[in-house]
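Asker: Structure in structure tokens, see below.
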């Protein structure tokens, strides 16, 4: 019931996710969670899940949702991650976490270097330097409302509101 | 102002300023380090300063600068870079916001601004949600609140300022938390759950909050003296809630095809997935229709079968499945089977047959308790209700998805959205991921090229050429559509004549004669299959501004074809067959029309299946072996969805004549799902063009509602309103129109029961009077006009607010540069002072 109230999953789905979590490392994760053991799965295991394996942002996703910021996730973090990425999470919540994922240097702003890194990960370094620079400038022009040279969370949310596809693309089926 | 301006700290400035520029560790490069410092220090002391700064700014700003820097003086590690840059003052006026030029004190102030603390600290999130729960509580208690529900992520300044007097940072956070927990308790359970889920905190923190909220509630629960009836109420509420949760989990466990959808989306992305989701939606519509007609029509009639027809039983032969005729014609599948009298449950078993051959109208048979079921009325009302409820569900889902995907202001941020919103996280397969990266790369390059070359005007001759090509393509499409429609008209006429001639001359019933009926459906399905290919070929030579325009044009051409085909067929059935059925020798025209629709549905399914299985398979082999290209056929989403809509229109047209048609449609959709999925996995590749899934889904639902459902309901209404039912079969035999069943029942009701005569009076004056309908339509139009005006007004407000945000940004820039310049002036003046001192 605890997880049910805090995530967007039903009881059955939470159980299913727990078994998925356990399957990653059966020897580390006990079946009995009533004593709330402190178990953390290292990032390598999380990153090897088929849903995340080929995603270029998997490391950032794991870092954002993990407690220690390194990608090592407890069961709570695991459930939180898939709850936000499920189809029932509201747009504001998803926008908040998407902002954190794209903010590579964790300074609560998406600055030019964050944008460049995002772009390179999206296109697997296929764009030339000039093109990357032009795209970053244009994106800043378009999205930076208060003209401080960086995207704050508000700018990002304002842009997301006008993109109806965001809800369907920022979604992982598990 | 009673504050002393303390010059002592400036010593530290001086000394720090004399440090060598090589001392890199002192330089703040980003907000990151400041944030770390600040979280150690407690972020709210700077906020306090900021307020005081705001207060003091009206007076001379200089003194406050000293105060400003005093708390920071023990930490200040000067920005050495500023020494060299002082000479470049003129240049900076152009762009004074370069971050490296700010002093760390300014940076510290900036980093504690409310808009920048969002998401950084838990305290900020908690205070934000405290405000939201407060607003929600106020709303729920229906106290008038001037503020409306704020969508922005800014916590209000009020939330910061009020509680900081005399409190330390930690205490503030703790008390904020207590306030939040208090608020959470006072919300209703569903609100609380919704709030908890939407908070961007980790699950551990959320569970803490929840535990605290429930703990307090339990404590207060047990301590207070609750009267026993409200305790009972609480128990009932808890029990209801538990059962609701278990019902929800049951529904979730019935998730159909979850694994299949996941594999499809993992390999092909959201666009192709939307086709399969649309299929699932149609399946649920048909399931609902089937349950309604099954429960109210099929079941009662199946339990009380009418007497068998005079010509005896026809043997079952395989062709029945295709033509729907033969032994199926006298079965519960068709309209003609249904009795037109009130069915009674037998009171004695011996008299069962006796009772069933009772006369028309009301109660013959046992006078004592019996269950009567007025079949014609049930038929009329069931079909009417089913359509009405389907209409409501359709309009509701259409407006919901329209609201999600409609953008009030024209989007300027195309590139930004492409960068942040185009990565489809559902795609899992490695090759598909690579393909998606390539697609996004291409799209970004195209967008860049478009942006850079936007000023490239086309020459007049180029534009003329484009116009000529477009008009040529459109004329090909329209011409071929008209040709096909005329062909269908004449062919149906020919079949009509054929039937008539065979009816007049007494020939034996042979398999071939039944099979001839399949000719029209086959022709129509072939047209539906081949003509879109022709349209694609015509579109291939055209040149469009953007890929979405291309998609829209393709959809509209396809739609035009399907609408005209369905139009001519409806004319043929309702305008020719229904009006003079005796020419065709038909006892029962409704049965005939029902069978025709069954045949059409079936042929559509067979041809789609064959086209999918063989067409795509053969094309893949062809392109691999002969053309030696690795390009597989692309799954054309728009065309497939339009085919689904066409099939659904046929089903809706046919429900009146064939109550079991939804069941056949359900079977067809189930099989189609597996066929399409199998072929997709084996033969196709992901689409290369960008596909705006949510916009397309909205368009498809709108298409389902407007041409498709509206057309079907208009046809059904026309049938019920003005066409004479056949006199020897069906539940409406003997009546002038089907609508009369309802009318006569209301009149009967009024006669039998004088209390209900009011209902009859209301019915005759409201429903039958056209004036009332005109008035209702007029009122709806006025309401719609009013709402469009409201939307226009909101659009204007949005532009005004955007301007305001820009102005605020300018204000912020101004304040920051003023701060900075004052700070520098202070520094230089102090340096001058001290150098004077030392000089003296």
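For all residues, glycine too, the Cβ spot is worked out from N, Cα and C.
Positions annotated as compositional bias 'Basic and acidic residues' by TrEMBL: B:72-85. Residues or ranges marked as domain 'TMC' by TrEMBL: B:588-694. The feature region 'Disordered' is assigned by TrEMBL to B:65-95. Residues annotated as transmembrane segment in TrEMBL: B:272-299, B:377-397, B:467-491, B:518-540, B:552-574, B:650-675, B:696-721, B:771-788.
Situate these features within the shown structure.
Answerer: Summarised as a single figure, the pLDDT of the domain 'TMC' (B:588-694) averages 85.
Among residues of the same chain six or more beyond the transmembrane segment (B:272-299), those with a C-beta under 8 A of the stretch's C-beta atoms are 256-257, 260-261, 264-265, 332, 338, 378-379, 382-383, 385-386, 389-390, 393, 397, 426, 635, 637, 640-641, 644, 648, 651, 655, 659-660, 662-663, 665-666, 669-670, 672-673, 676-677, 680, 686-687, 693, 696-697, 700, 704.
Long-range contacts of the transmembrane segment (B:377-397) within the same chain, counting only residues at least 6 positions beyond its ends with a Cβ under 8 Å from a Cβ of the stretch, are 281, 285, 288-289, 292-293, 296-297, 300, 338, 652, 655-656, 701, 704-705, 709, 713, 716, 720, 731-732, 738-739, 741-742, 745.
Within its own chain, the transmembrane segment (B:467-491) has Cβ neighbours under 8 Å at 519-520, 523-524, 527, 531, 534-535, 538-539, 541-543, 557, 560-561, 564-565, 568-569, 572, counting only residues six or more beyond its boundaries.
Residues 322-323, 473, 476-477, 480-481, 484, 487-488, 491-492, 495, 550, 553-554, 557-558, 561-562, 565, 569, 596, 599-600, 602-604, 606-608, 611, 639, 643, 646 of the same chain sit 6 or more residues outside the transmembrane segment (B:518-540) yet have a Cβ under 8 Å from a Cβ within it.
Listed by sequence, the residues of this chain that lie at least six past the ends of the transmembrane segment (B:552-574) yet keep a Cβ under 8 A from its Cβ atoms are 477-478, 481-482, 484-485, 488-489, 492, 496, 524, 527-528, 531-532, 535-536, 539, 544, 593, 596, 600, 638-639, 642, 645-646, 649-650, 653, 699, 703, 707, 711, 715, 718-719, 723.
Sequence-remote contacts of a segment are chain residues at least 6 beyond its ends whose Cβ falls under 8 Å from one of its Cβ atoms, and for the transmembrane segment (B:650-675) they are 257, 260, 276, 279, 282-283, 286-287, 289-290, 293-294, 297-298, 332-335, 383, 386-387, 390, 566, 570, 590-591, 593-595, 597-598, 600-602, 604-605, 608-609, 612-613, 708-709, 712-713, 715-716, 719-720.
Cβ atoms under 8 Å from those of the transmembrane segment (B:696-721) belong to residues 271, 274, 277-278, 282, 380, 383, 387, 390-391, 394-395, 397-398, 401-402, 404-406, 551, 555, 559, 563, 566-567, 570, 574, 578, 637-638, 641-642, 645-646, 648-649, 652-653, 655-656, 737-739 of the same chain, restricted to positions at least 6 beyond its ends.
The list of residues near the transmembrane segment (B:771-788) in space but at least 6 beyond its ends in sequence, with Cβ under 8 angstroms from a Cβ of it, reads 765.
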Asker: Under DSSP, the domain 'TMC' (B:588-694) has how many residues in helix, strand and coil?
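Answerer: Here the numbers are 81 helix, 2 strand, 24 coil.
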